[in-house]
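Okay, so here's the structure we're looking at.
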Amino acid sequence: MQNSKSFFLDDFLAGWIGGASSVVVGHPLDTVKTRLQAGKGYKNSLHCVLTIYRKETVTGFFKGMSFPLASITVYNSVVFGFFSNTQRLISKYRYGNELHPCGMLDLTVASMLTGLMSVGLGAPVDLVKIRLQMQTQNVMAENLHLAGNVSNGTNIPMRSVDIPSQRLYRGPIHCISSILQTEGLQGLYRGAGAMILRDVPGYMLYFIPYTVFCDLLRPDATSSPHPCSIWLAGGLAGSISWVTATPADVVKSRMQADAQLQRKYKGILHCIMHSYKTEGAQVFFRGASVNAIRGFPMSATMFLTYELSLQFFRSL
């Protein structure tokens with residue numbers, strides 16, 4: 001039997017490895033989801049995929065991945081480490097034994113606390129990722145709120161004019177620096193309120209279904225779940241969590257993509273009302289199909305890699 005300290009470290013290390021693997025698997029569809037939710041001119045998911053490929057080639061799907069790859073590994077490490085250790089803390093005070101299995105209420109509390117904690121670290125990561133993903137090869141003058149004149153004095157609305165090869169952000173570090181200079185520290189947490197609305201129930205509908213499905217798929221109560229069961233349970237949990245979180249995710253994506261130069265949302269409620277009035281209720285389910293599809297391989301990879309890494313570390 002290993003001590004709690006080694007368990008503590010194992011969870012963080014396994015979460016770090018799982019996070020890295022899930023980013024590589026899920027980032028292309030995450031880019032599609034972000035463009036659908038916060039961008040314009042896409043008829044549906046397939047049209048979005050084809051448009052990105054035609055205009056930006058395959059590299060367009062991996063735009064902004066370097067920052068999530070570096071940061072989400074740390075983020076997932078903290079999330080899984082926090083969730084596991086919160087369960088043990090609850091078990092220790094409720095049952096007198098930190099290794100006692102958690103009940104449904106215990107899992108719910110641990111999941112919701114994890115979701116709340118995750119926003120502090122995850123909001124800046126998500127914001128930078130989205131700002132980088134929303135960059136296309138041409139920056140439209142409409143988005144920069146520019147006005148122009150020609151030599152004869154005739155005013156020309158420049159929202160139809162492309163500025164070739166101009167990009168707002170050269171990379172993640174430049175993006176963070178620009179946001180801090182123009183919007184201050186609070187700029188990195190734009191959309192954090194919407195993220196709380198997404199992640200607190202989202203993590204509850206992530207960890208609980210995973211636990212339930214693992215229990216249903218294992219042959220008996222004493223045996224460990226098979227890797228295929230872990231993969232399936234993780235994938236199903238990811239799809240459920242992401243689909244139900246889509247409305248809050250749409251609001252979060254729009255708030256975070258809403259840079260200061262083109263700011264149009266005053267807050268969460270204004271974003272919800274404006275989106276509803278201009279695009280109808282269906283806008284809050286934009287990207288739901290992509291979330292369902294993307295959520296499965298990402299979460300399946302995440303949980304499988306996490307559990308296998310955990311088994312490996314604990315066997316040392």
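From the backbone N, Cα and C atoms, a Cβ is placed for every residue, glycine too.
Heads up, TrEMBL stuff is auto-annotated, nobody curated it.
Because the structure is a prediction, the values reported are computed rather than measured.
As annotated by TrEMBL, repeat 'Solcar' applies to 6-89 (among others). On the 0 to 100 pLDDT scale, the model's mean across the repeat 'Solcar' (6-89) is 83.
Marked as repeat 'Solcar' by TrEMBL: 102-216 (among others).
Each residue of the repeat 'Solcar' (225-312) gets a DSSP state, and the totals for helix, strand and coil are 76 helix, 0 strand, 12 coil. Residues or ranges marked as repeat 'Solcar' in TrEMBL: 225-312 (among others).
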For the repeat 'Solcar' (6-89), the DSSP helix/strand/coil residue counts are 74 helix, 0 strand, 10 coil
